[in-house]
Amino acid sequence: MATWNHILLIDSNSPLMEQLNFFHDHTLLIITLITILVGYNMLSLLTNSFINRFLLHGQLIEIIWTILPAIILLFIAFPSLRLLYLLDETNKPSLTLKSIGHQWYWSYEYSDFKNIEFDSYMVPSAELNEGDFRLLDVDNRIVLPNHTQIRLIATATDVIHSWTVPSLGVKIDATPGRLNQTNFYMNRSGLFFGQCS
């Protein structure tokens with residue numbers, strides 16, 4: 001669970017979120033190296049006395065600073081495309097959960113079973129118990145198995161909602177009149193909080 005002083009991404013509970021964390025770290029390393037290089041060049045320009053006669057004319061340096069950013073973008077693009085493919089990949093799900101977004105609450109249906117559906121309302125601040133989380137705890141929680149491929153089908157009845165569980169790396173828009181689908185896999189059991197974002 002993220003707290004006020006949490007700097008990086010929260011701990012992952014699914015293989016997809018682990019891949020998202022790796023991609024974040026990979027991209028952050030590239031951006032840090034670029035920032036250091038540009039900062040060094042700016043600092044050296046400030047302390048330079050500009051006495052080199054070849055400083056303003058150089059086709060080699062122009063070729064380098066044209067091709068190098070393209071190569072750097074490829075180092076970011078290829079892992080990004082791989083990750084986008086993994087996020088959209090739908091394997092054979094063992095369980096299907098239908099999530100219907102309403103104004104201020106969600107309805108859930110376990111589609112593989114008959115007549116298992118319920119509404120999930122946020123617990124009001126006045127009714128919270130000791131240790132409960134304000135604006136996160138609900139009265140009816142979803143119970144899902146771990147080490148199981150789960151398909152989520154999301155829709156809405158009134159406005160666009162977004163079903164999100166950050167520690168699983170899942171975020172899907174629930175649009176009225178449409179069905180969106182995603183899948184996720186939980187590595188371990190626990191209490192995972194999500195929100196409509």
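Cβ atoms are placed via backbone N, Cα and C, with glycine included.
Here's what TrEMBL has on this protein:
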- 1-91: domain 'Cytochrome oxidase subunit II transmembrane region profile' (DOMAIN)
- 27-51: transmembrane segment (TRANSMEM)
- 63-87: transmembrane segment (TRANSMEM)
- 92-197: domain 'Cytochrome oxidase subunit II copper A binding' (DOMAIN)
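When Cβ-Cβ distances below 8 Å are used as the criterion, the transmembrane segment (27-51) is approached by residues 72, 75-76 of the same chain, each at least six residues removed from its ends. For the domain 'Cytochrome oxidase subunit II transmembrane region profile' (1-91), DSSP puts the residue distribution at 63 helix, 0 strand, 28 coil. Counting residues of the domain 'Cytochrome oxidase subunit II copper A binding' (92-197) by DSSP class, helix then strand then coil, yields 6 helix, 48 strand, 52 coil.
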